[in-house]
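Below is one structure, written out as structure tokens; comments come after it.
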């Protein structure tokens, strides 16, 4: 099941990347930029017209009831008392815009561009330069949206110099933008923590990092400062819409990896439903039957389904244990996240006078805070457990006298070779045996014998440090499994090793020496690794006998 979740998530991320690449490639929108001494808010005494019919005066911001395609316009006489160039600034949300000054069209947005996967030009900061030749203007701003739930939105309007408007927007929207950056950093921190514990199958950490990263990206794409800084804000708007549609499946993937939800059939069902819904929606979007902006409000049903699953799961846990401890803070974070998401989605669809607030953002912050604290506590526990496990594993697989791998570790490696579970096509099995260790033990004592074993072990480790794994498999017997060497290099290293031991390692008047034998194991051969080991041992024994007869180190007999 985990493999299916991984595949599903990878496909979603891959498809998301393709969609955003398509959006960027197929979008050409009009240029607009902002640009500071003083600004003024022009939000009072606007005259409202709906489909060219006068409706009276309004105060901004406002939202009027309307259908898709309705034309709303606001008109006002503006006066300025200085001769500097003045700019008109306002933010349009999924609306096409025209601006008339003294009856003449001076600015339009959304009518000339090309917009992939959407009927509307996204969210935009619009800046209109007013002529500096006079101090009084008649300004009319016209809005048109293809969506009912974005129709009739009238934003705040500001006037001032370019630099003043620029400074005002940066100062006002920087905190929200900064929160998005912090959320992204939290996601990266969780991901790094997951990498530290990746060998402990701590998969919920990976998906929590993905969930938090998506929320951070959602924050940034929705931030007014991001939309102000990015040249083509339409793409940021599409990121926001696509994330809101794909987020339920990402959240469900994270939840089914949690111990409390891994067997919850409701949450699993919501996971499959959200994936199927996103796939069907994307198919219809690509074929221009619908777009992501229109689908976004309907994701409220998926959020409601997940919320119901969390509440039912929590109630069943409480009913089973009759303890409040069976409910976790993580559940509270999920519930608040989903409730605020549902609230803002409903506010988007309802024809209220003011556009829905940012309750979802508070839910996101609470969810991330609760889950981050819980995750880091769990991470700390598992990290300590990992350190203890590594410590005991090292004790179990390391020879205490020499520091080389011990017999247990050697047998595990041999089992892998028996199963042919190795990337190497050939492995050299090298057996090295010390000479005259019994004489050293009998005459100088076992303490000096241990010192001799350590010296030989250090020499072997130094000779095969990067190209083989060294084991102590008996009292005075060693084995090296060399995966990265050929026959010529093996012979050279062994000859140098025996020469160095004889000429460098002197111990209380005794000269240390070793006998060796080796054999190559190839996966393509019919011989087993055990047959190769037996042959290498025979070669070592023959080398030892020759050394006794010759009274000097043996020449390779293989």
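Backbone N, Cα and C atoms are what each Cβ position is placed from, and that goes for glycine too.
Because TrEMBL annotations are produced automatically, they should be read as predictions rather than curated entries.
The stretch that TrEMBL tags with transmembrane segment, taken from the ranges 296-316, 380-400, 401-421, is 296-316. Annotated range for transmembrane segment in TrEMBL, selecting from 144-164, 270-290, 438-458: 270-290.
Note on TrEMBL: of 90-111, 112-133, 332-353, the range annotated with the feature transmembrane segment is 332-353. Of the candidate ranges 223-240, 241-258, 475-492, 493-510, TrEMBL annotates residues 241-258 with the feature transmembrane segment. As annotated in TrEMBL, transmembrane segment covers the listed stretch 7-25 rather than the other ranges in 7-25, 26-44. In this model, the domain 'GGDEF' (425-558) carries an average pLDDT of 81. By the count of Cβ pairs under 8 Å, the stretch nearest in packing to the transmembrane segment (359-375) among 176-197, 270-290, 296-316 is 176-197.
Beyond its flanks by at least six residues, the transmembrane segment (176-197) meets 205-206, 208-210, 212-213, 215-217, 219-220, 223-226, 361, 364-365, 368, 372, 375-376, 379, 382-383, 386 of its own chain at Cβ-Cβ distances under 8 Å. Beyond the transmembrane segment (296-316), the same-chain residues lying 6 or more positions past its ends with a Cβ under 8 Å from any Cβ of the stretch are 149, 241, 244-245, 247-248, 251-252, 255, 260-261, 264, 266-267, 270, 273-274, 277, 326-327, 331, 334-335, 338-339, 341-342, 345-346, 348-349.
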